[in-house]
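Reviewing the structure listed below.
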Amino acid sequence: MKVSPRLNSALLLLFMILATVMGLVTVEARTCETSSNLFNGPCLSSSNCANVCHNEGFSDGDCRGFRRRCLCTRPC
């Protein structure tokens, strides 16, 4: 009993697609937040906050909250 080359190609393609889909498991790291020690005054610009946070060694920063504080973020 001979298997056709088209069937072999189709099965190989199916297995490759399944292996690719099953291999795409994404793990998301937790993010830790800390108030900036160097930022002074109300936080009106998230880009300024991010620059100050980068200088403090964090990966990013954002203005948040009612009091508009600069919060620095990094992976935990």
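Here the Cβ of each residue, glycine as well, is placed from N, Cα and C on the backbone.
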Could you tell me which of Cys32, Cys63, Cys72 is bonded to Cys43 by a disulfide, according to Swiss-Prot?
Cys63
Going by Swiss-Prot, the cysteine from Cys53, Cys70, Cys76 that pairs with Cys72 in a disulfide is Cys53
Identify which of Cys32, Cys70 is listed by Swiss-Prot as the disulfide partner of Cys49.
Cys70
So how many other Cβ atoms are close to Cys53 (disulfide bond), meaning within 10 Å of its Cβ?
24
Can you tell me whether DSSP puts Cys53 (disulfide bond) in helix, strand or coil?
helix
